[in-house]
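Quick notes on the structure that follows.
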């Protein structure tokens, strides 16, 4: 269990969480597509669109963060020992969500 608490695994979990939350909007978008209109009201429309965009940008930021993390791990392995910690990964993920 403790071996699973690496920076890479924390980023992967964050990406999976963002994608799972994005799939929660799919039923609403499917109904909208099939009916050709939005039957759920204005407030739910704004909530679903907000969740969808929020998770889309979080996924993009997380993928960029993972790319930078891999770059540091491969190109600067000595510096990576200090930088790639679970605590730093959690801090970066919180910033991605905000």
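Note that Cβ sites are derived from N, Cα and C of the backbone, with glycine treated the same way.
Reduced to three states, the DSSP call for residue 71 (phosphotyrosine) is helix. Counting Cβ atoms from all protein chains shown, residue 71 (phosphotyrosine) has 11 others lying within 10 Å of its own Cβ. The phosphotyrosine annotation in Swiss-Prot covers 71.
Swiss-Prot lists 1-9 (among others) with the feature topological domain 'Cytoplasmic', giving similarity to another entry as the kind of evidence. Averaged across the topological domain 'Cytoplasmic' (1-9), the predicted model reaches a pLDDT of 76.
Annotation comment: Swiss-Prot describes 35-45 as topological domain 'Extracellular', evidence class similarity to another entry.
According to Swiss-Prot, the feature topological domain 'Cytoplasmic' maps to 69-88 (among others), an assignment based on similarity to another entry. Long-range neighbours of the topological domain 'Cytoplasmic' (69-88) within the same chain, counting only residues 6 or more positions beyond its ends whose Cβ lies under 8 Å from a Cβ of the stretch, are 5-8, 10-11.
Feature annotation from Swiss-Prot assigns transmembrane segment to 10-34 (among others); the stated evidence is similarity to another entry. Cβ atoms under 8 Å from those of the transmembrane segment (10-34) belong to residues 40, 44, 48, 51-52, 55-56, 58-59, 62-63, 65-66, 69, 86, 89-90, 93, 96 of the same chain, restricted to positions at least 6 beyond its ends.
Outside the transmembrane segment (46-68) by six or more residues, the chain places 8, 11-12, 14-15, 18-19, 21-22, 24-25, 28-29, 40, 92-93, 96-97 with a CB less than 8 A from a CB of the stretch. Taken from Swiss-Prot, the feature transmembrane segment applies to 46-68 (among others).
If you look up Swiss-Prot, you'll see 89-98 (among others) marked as transmembrane segment.
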For the topological domain 'Extracellular' (35-45), residues assigned helix / strand / coil by DSSP: 5 helix, 0 strand, 6 coil
Tertiary contacts of the topological domain 'Extracellular' (35-45), as residues 6+ beyond its ends and Cβ separation under 8 Å: 28
